[in-house]
Amino acid sequence: MEDIGIVAVGGYNEMGRNMTAVVVGEDIIILDMGIRLDRVQIHEDAEIDRMHSLELIDMGAIPDDTIMRDVNGTVRAIVCTHGHLDHIGAIPKLAHRYNAPIISTPYTTALIRQQIDEEKKFKVNNPLIALKAGGTYEITEDISVEFISIPHSIVDSVIAVIHTPYGSVMYACDFKLDRAPTLGESPDFDVLKKIGQDGVLAMITETTNSARSGKTPSETIAKEMLRDVLLGTEESHVGMIVTTFASHIARLNAIIEIAEEMGRIPVFMGRSMEKYLLAAHDLGYITLPDDVEIYGQRKDVDKALKKIMEDGKEKYLPVVTGHQGEPGSILVRISNGETPFKVESGDRIIFSANIIPSPMTRANRYALETKLKMRGARIYDDVHVSGHAYREDHWEMLRMVQPTHVIPAHGDLAMHSAYIEMAEDAGYVLGETVHLLRNGEILFLEP
Ligand SMILES: [Zn+2]
């Protein structure tokens, strides 16, 4: 029986470079085409936008899709679930090899368009199709994709359900079951249950936080943590800088609201801040108050920092890039004394982010914090909650959908193992109904 199969192309052995292919008879649907940036960053002189796909594959930075040559069938669509780079970052390098449209939600589509525009090596002419969450698109006569809105750490994220004559394949990468999101809607549990009742042949699921016990705290908690740090102080006049994920629009929106409560002007700085924030504003995902300032270019950022020093730090709330200590980011330049902003004793630096647990980011972050502290900064760390489901959220999702087969994806072996143990508790059997796939493997399913 080789009518429907799952190809693990990338993201099964690691965090990043996600790519899966679903084979349905003679047709193939690709899910996500992501990049793994830490594999690029170890090479100091790497300029991604000029690099060739094969070079990036050799570096382990993008999925090795050369294995697709051995898979029978024609690619009919490339479906991306959200705008994080580990889901869309390889599109400029790989999509042109397939004569197929790229289907994603409007915000994700806007980010994909920017990615393609920045590419200097390849011409990517695939049609871009913006499909709203809740919508369904007919890919072929008997295959369609349905987008189900789901909370995650970037707006307009969806679970993709591929409906086929053999049953549906649900691709849940990435998600959290947040019942009180601060932007966007909570999961539509009725729709998820309905799809489960109709019969899901296979669920491909992210496993990032499957080893963490309990359930992921709601984004509302992160907002209250931020409010407590920024407003709950007797030293409300000092300089404060927030750094967070530029793509986390809900978090940026919370910071804007809290800045208003503080009577400070929110000032967003950095190219990525400008990119994600303006795209979200243009498409109507957030409204920006009149006094919000946004600066992308380095010279504009430095001018704004100079103005903040002159007018008084207590009037502004700068929101900057650099939470992982990325070289060249604004916070790193501030820590090096390379901007007009001078950190003084008692100034506060608020990290509304976790530390990505790779040795390189740990080292970068250590250097950044140490330099800031030497200038007198007070550090507020981990004012953050995750955008990925914890173990008991996975348990709920699995029991709600009741897929015949479940396939852990989007994580390393330890993450998959934790997921598989949970799935075994729910009655699944390793090798029969819960499957461990490695990059490059293909699994044919018994409908
Ligand atoms: Zn994500």
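From the backbone N, Cα and C atoms, a Cβ is placed for every residue, glycine too.
Among the candidates His394, His405, His410, the one that TrEMBL lists alongside Asp86, His87, Asp174 as binding Zn(2+) 2 is His410.
Binding site for Zn(2+) 1 per TrEMBL: His82, His84, Asp174, plus His152 from the candidate set His52, His152, His237. Across the domain 'Metallo-beta-lactamase' (16-233), the prediction's mean pLDDT works out to 95. Of all the binding-site residues listed here (His82, His84, Asp86, His152, Asp174), His152 has the Cα closest to the Cα of Val385 (substrate binding site). Only His84, Asp174, of the binding-site residues His84, Asp174, His384, His388, His410, place a Cβ under 6 Å from an atom of ligand 1. In sequence order, the binding-site residues near His152 (Zn(2+) 1 binding site) (Cα within 10 Å of its Cα) are Ser386, Gly387, drawn from Asp86, Ser386, Gly387.
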